[in-house]
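I'd like to ask some things about the structure below.
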Amino acid sequence: MVHSRATCLLARHQTRPTPCLRNVTQRFPLKPCFKSSQSNNSLDSSHNPHPSGQVGPVDIGTYQKKHQKNGSTRNKLVAIGLGLLAAPVAWYAYQTTEQDRRLHSLGFVKYSLVAKEPVSKSASIFQLVPKDDKYLTEIDKTFSDLFKSGIWSVEFKQPQLQIVRAYTPLPPSVAADQEQNKNTGLRFLIRHDARGEVSSYLHRLPLGADIEVRRPSVSEYPISKHVRQVIFLAGGTGIAPALQVAHALFEGAAEDGVDHPRKDCKLHILWANRTRDDCIGGVSDQAPGQQSKWYSFLYNSKKSKQQNSPIAQQGAMVQELESLKERYPGQITVEYFVDEEGTFINEPAVCNALSRLTSPGHDQSHGASKAERQLFISGPDGFISYLAGPKMWRNGVEEQGPLANMVARAIAKQACPIAVWKV
C-alpha cells in the first residue's frame, strides 16, 4: 500500500482556493468624520469669539494651518515607519535569485523520471531529476538542508484526474559515496497499489516521462537537537520516513563536519511488511538484556524461527539499514516483522522496544523528557490506526488525534515519558 498522508482533489479547469486561504472581506458603510450635529455645535457662541456665529477668516486659517502641520508630521512618521519595515523585504528580494524563487515556489515543477528500480514484487525505487539541469546544484543544496532537519515529503500530481498524493523522499544513500549522491535528484520507494490512482499512474510511466512535483518549504516533523532516543514503527513504505530520521540524527551532523555526531543518540526501528520479499535478507537485532520481562516469551517465541533462518541476498532497503548499522554500531538497531511468517508488531513488541530506553545499555542521564524521547508511527492509515488510533481531520486540517490502542497501553505499562507522532 502506498504511504501517503494527504490527498486533495483539484478542479479540472480551475484551481479552487483552500479553506484556510479564503479571503473574507466585509464592507462597512462610509461614515463622515464629524456628524452634522457635532459640526453645528462645535462652533456655538460659547466657543466662538464672534457672537454672530460666523467664524472669521483668521480663525479658519489658524485651524487649517495647525491641522495641516499635524497631518504633515503624521504622514512623515508613517512614511519613515513603512520604509523601515520594507527595507529588509526589499533586501531579501534583491538577494534572492530567480533560481531560488523557483526552488522555493509552492507550485508544481516538472521532473524527469530517469530510473525505476524494482526492489520487490510490488515496489520500486523511482529516481527523479528536474527537467532543467541548471537547477540541479541549487536543488541539491535545498534538499540537503531539508534532509538534515527531519521528516518531509513532496506531492505528485496525476494530471488526468487532477489528484495529488504525498510521497516521502529517500535520503542520500549511505552505501554510496558522496560523488555518487551528487546531482541525483530525488529517490522514492513507491508500492504499486492497484486501487491507487497515483501509484498506478506512476508505475505505468516510461523512463524519461515528466512528473509534476510540489515540495514543502519546511520539515513536517523536525528532529530537534535535543532528541536522544527514537523508536520508529514503520509499515511497508513507511520505512522511508524512518531513514529520514536516521539521516537527520546522524548523517546530517556528519555532513556538517562533526567527527562523532550525536554519540549518545539511539534509534530503534520496527519494520513490518506483508511478505519477506519486501525485506529480504533482514535479520532482527536482539534486545540487550531484556529477556526477563513478562512478555519476552511471547515476543521471542514467534521471532525464533525468523532469527534462525539463513540469510538470503539483501534487498535495497535492508542494505541501506545494514550500512547505517555498520556506520553507527550500537546506535541503530532494527527488527523485522513479516505477516506471512506470523510475526507482527504487537503490544509485547512495543513494550520490548520501550524497554530499550531504560535498559543498562542506554545513558540514564538522557531521555528523561518527551523532548528527548520520541516515537514515530508511519505507514498506511490502517497500520497507524491499529497501533495508535487514527489521525483526524478538523476544519480541513489533518491532526494527530488522541493516542490509543496498543501504543498507548504499552507506554502506560512502561511508565515511559515519550512524545508520539503519527506520520
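Backbone N, Cα and C atoms are what each Cβ position is placed from, and that goes for glycine too.
Remember, TrEMBL labels are computer predictions, not curated facts.
As annotated in TrEMBL:
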- R165, Y167, L189, V198, S199: FAD binding site (BINDING)
- 36-48: compositional bias 'Low complexity' (COMPBIAS)
- 106-223: domain 'FAD-binding FR-type' (DOMAIN)
- 36-60: region 'Disordered' (REGION)
- 77-94: transmembrane segment (TRANSMEM)
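Would you situate these features in the structure and describe their surroundings?
In the shown protein chains, 24 other C-beta atoms lie within 10 A of the C-beta of Y167 (FAD binding site).
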What is the total of other Cβ atoms whose distance to the Cβ of R165 (FAD binding site) is within 10 Å?
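Here the count is 23.
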For the binding-site residues L189, V198, which one has its C-beta crowded by the most other C-beta atoms within 10 angstroms?
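Answer returned by the neighbour count: L189.
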What does the DSSP secondary structure composition of the domain 'FAD-binding FR-type' (106-223) look like, as residue counts for helix, strand and coil?
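The breakdown for the domain 'FAD-binding FR-type' (106-223) reads 29 helix, 45 strand, 44 coil.
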Once the chains shown are all counted, how many other Cβ atoms turn up within 10 Å of the Cβ of S199 (FAD binding site)?
25
